[in-house]
Amino acid sequence: MKLLQRGVALALLTTFTLASETALAYEQDKTYKITVLHTNDHHGHFWRNEYGEYGLAAQKTLVDGIRKEVAAEGGSVLLLSGGDINTGVPESDLQDAEPDFRGMNLVGYDAMAIGNHEFDNPLTVLRQQEKWAKFPLLSANIYQKSTGERLFKPWALFKRQDLKIAVIGLTTDDTAKIGNPEYFTDIEFRKPADEAKLVIQELQQTEKPDIIIAATHMGHYDNGEHGSNAPGDVEMARALPAGSLAMIVGGHSQDPVCMAAENKKQVDYVPGTPCKPDQQNGIWIVQAHEWGKYVGRADFEFRNGEMKMVNYQLIPVNLKKKVTWEDGKSERVLYTPEIAENQQMISLLSPFQNKGKAQLEVKIGETNGRLEGDRDKVRFVQTNMGRLILAAQMDRTGADFAVMSGGGIRDSIEAGDISYKNVLKVQPFGNVVVYADMTGKEVIDYLTAVAQMKPDSGAYPQFANVSFVAKDGKLNDLKIKGEPVDPAKTYRMATLNFNATGGDGYPRLDNKPGYVNTGFIDAEVLKAYIQKSSPLDVSVYEPKGEVSWQ
């Protein structure tokens, strides 16, 4: 039985031709079939979710089936990841993503781009992950400041049939801004597009590959409109010589890159429907959403130095939709035929899953309503989850008010029982709660700067015990705990070491005399607060329009 139906087919022809002369190892007038499979933004999802969706066991079955199909047609497969293996699922986070990397080995990944979340841990952890991985972790634009040398392999070379394929890795230069500054004291992220130009030239002069692909973790922004984010794949493709890459396998923005029109993605892509990838400057750009929800499949034909895409599809990995029947009952129904889980993978990952679950499933409290932590809320508006987290930090530190990046809130908690797993999904980064004692004047300056952080970015701030009206770069009617700020008074503010050391572009506090690092991990602080405050009444934490922008 064939696992796949063809997706977007022959209408998607494009041509990739190397600008330089290559040492021809391929046969003239022979057509070579190359299939590039890709995922990105895995974020710890080695195991299926509670609805039986995605997971590496089903992914392996899918990939194995494609490999068999392609081999039967005389073709070859390359499997790439756009990065961010780390951070998002507690069972993975507590084990430094060891199950994820070992599972990726079994699936048969060939290479991955290093993502910004690979730096959520110290570099020593990433070096251990490199040892677990039987495939290269690539980034051409990450350098050690003190030596000026690259920290990782910039590219990897693969032989498929008679073809030499080069894969370049590139990482968003936002990493130093959105990651933990304490981990970047000797690390520099150079402009990816500039490094890509250099690496392509070097490859063409030295290795002379037949095909060059970029595996990136930079983000896809329609028409290159990246806002406060660093430039992404579209901008890079436009900056490179036309057709200098066959394709960009992307990540970071966590989108299904399926175009509705030129320079405009589909807003609500439906799993299992046709997907046309983006094309900029003769370069295909693909991205497979997140978490292993899809495996992207790009089928190419290479003939006489020309690379043509003949088919593209996003293949759902057991994704389901919620259906409500006439009797009011609902269930989750597969979009596409079920993919069986590979039992060898289940055997490999079960011990990791069981070890993690044992630590995480114990009830720590309960809530009478939903605590809102979804990405499309915490980066745009104040939420009750933000208030709860900051209440916990104020409680631990005795602070008058608290601030943090909305991007540090990673999940919601539904009404009902709360486990430590729920808490760790909300705050997976292991940041430390800190506080700073500041004069009222310093508070005014700090909050004025933070209030300029724009919505639709991880930097958008969540506030507690703060009220103001922001207009024209100034704060009007600024109050702490309902009282006007006294410039001569001393106030204590709680936040995370991430923000206090300049993360997300926030003003630095760690060099101030009144700065204290408590040593308490954020998730542990939230857990303890929930335990002592349970059952939680969500109305207590509901924002009431205290902060506004005009």
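Note: Cβ is positioned from N, Cα and C throughout, glycine not excepted.
The feature signal peptide is assigned by Swiss-Prot to 1-25. The annotation Zn(2+) 1 binding site is assigned in Swiss-Prot to D41, H43, D84, Q254. What Swiss-Prot lists as Zn(2+) 2 binding site is D84, N116, H217, H252. Positions annotated as site 'Transition state stabilizer' by Swiss-Prot: H117, D120. What Swiss-Prot lists as disulfide bond is C258-C275. The feature substrate binding site is assigned by Swiss-Prot to R375, D376, K377, V378, R379, F498, N499, A500, T501, G502, G503, D504.
Structure with Swiss-Prot features highlighted.
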| residue | record | Cβ contacts under 8 Å, 6 or more apart |
| --- | --- | --- |
| H43 | Zn(2+) 1 binding site | D84, I85, N86, T87, G88, V89, H117, E290, W291 |
| D120 | site 'Transition state stabilizer' | N86, T87, G179, N180, P428, F429, G430 |
| H217 | Zn(2+) 2 binding site | N40, G82, G83, D84, A113, I114, G115, N116, L170, T171, T172, G250, G251, H252 |
| R375 | substrate binding site | R410 |
| R379 | substrate binding site | G406, G407, P455, D456, S457, G458, Y460 |
| T501 | substrate binding site | N180, P181, E182, R508, L509, D510 |
| G503 | substrate binding site | K177, I178, G179, N180, P181, S405, L496 |
Nearest-integer angstrom distance between the alpha carbons (Cα) of N499 (substrate binding site) and D41 (Zn(2+) 1 binding site)
23
When the binding-site residues N116, Q254, N499 are compared by other Cβ atoms within 10 Å, fewest goes to Q254
All chains considered, the count of other Cβ atoms within 10 Å of the Cβ of H117 (site 'Transition state stabilizer') is 25
Three-state secondary structure, which DSSP defines for Q254 (Zn(2+) 1 binding site)
coil
Packing count at D84 (Zn(2+) 1 binding site) (other Cβ atoms within 10 Å of its Cβ)
26
Integer Cα-Cα distance in angstrom, K377 (substrate binding site) to C258 (disulfide bond)
23
Given a 10 Å Cβ-Cβ cut-off, pick out the one of the binding-site residues H252, K377 that has the most other Cβ atoms nearby.
H252
Taking the Cβ of C258 (disulfide bond) as centre, how many other Cβ atoms lie within 10 Å?
23
Students should find that the Cα atoms of C275 (disulfide bond) and Q254 (Zn(2+) 1 binding site) sit apart, in Å rounded to an integer, by 15
D41, C275: which of these recorded positions has the highest Cβ count within 10 Å of its own Cβ?
D41
Given the Zn(2+) 2 site D84, N116, H217, H252, its other Cβ neighbours within 8 Å of the Cβ centroid, in chain order, are N40, D41, G82, G83, A113, G115, H117, E118, T171, T172, T175, M218, G219, G251
In whole Å, could you give the widest CA to CA gap in the substrate site formed by R375, D376, K377, V378, R379, F498, N499, A500, T501, G502, G503, D504?
26
